[in-house]
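Enquirer: For reference, the structure I am asking about is given below.
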Ligand code: HEC
């Protein structure tokens, strides 16, 4: 193993560790407001909907959860918690771009 490769390996591993440690994403407050997420959800107590902490817990080890939830936020999907599914973006406050859905789900899963 040459020195260059080795130092890269060390630096990259350190980067991954740092990224892994900084789990809690900043709240995308404007989006959360615009989509009224907190009308039904809270961070830590189940209300009309499961709390974001419950959701993060449930999907922590589920592969593709990020992708599945982004899709669900934008286009709907079947209920996973009870009988009531989430309303679609149009009924929550406006259309939701793929990028914004990504930001929101990343934040929810970091709770
Ligand atoms: C009108 C009430 C309401 C609003 C507003 C709402 N939710 Fe939900 N949400 C629910 C309900 C009810 C469920 C449980 C649905 C189910 O059983 O899958 C849910 C489930 C979820 C889930 C888990 C979905 C799954 O498949 O397990 C995520 C993630 C989520 N909401 C994120 C959000 C985000 C982010 C926002 C804001 C963009 C939001 N919700 C706005 C009611 C709401």
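Every residue gets a Cβ built from N, Cα and C, even glycine.
Caution: TrEMBL annotation is automatic and unverified by curators.
OK, TrEMBL features for this one:
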type	residues	note
SIGNAL	1-24	signal peptide
BINDING	37, 41, 86	heme c binding site
Enquirer: For each of the binding-site residues (37, 86), count the other CB atoms lying within 10 A of its CB, then report the residue with the highest count.
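Expert: The largest 10 Å Cβ neighbour count belongs to 37.
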Enquirer: If you draw a 10 Å sphere around the Cβ of residue 41 (heme c binding site), how many other Cβ atoms fall inside it, taking every protein chain shown into account?
Expert: 22
Enquirer: Give the three-state DSSP assignment (helix, strand or coil) for residue 37 (heme c binding site).
Expert: helix
Enquirer: Enumerate the residues of the same chain, 37, 41, 86 excluded, that satisfy the criterion Cβ within 8 A of the mean position of the Cβ atoms of the recorded heme c site; list them in sequence order.
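Expert: What remains near the Cβ centre is 35, 36, 38, 39, 40, 49, 92.
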Enquirer: Would you measure the largest Cα separation among 37, 41, 86 for the heme c site and round it to whole Å?
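Expert: Result: 11 Å between the two most distant Cα atoms.
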Enquirer: Which of the three DSSP-derived classes (helix, strand, coil) applies to residue 86 (heme c binding site)?
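Expert: Looking at the DSSP assignment, residue 86 (heme c binding site) belongs to neither helix nor strand, so coil.
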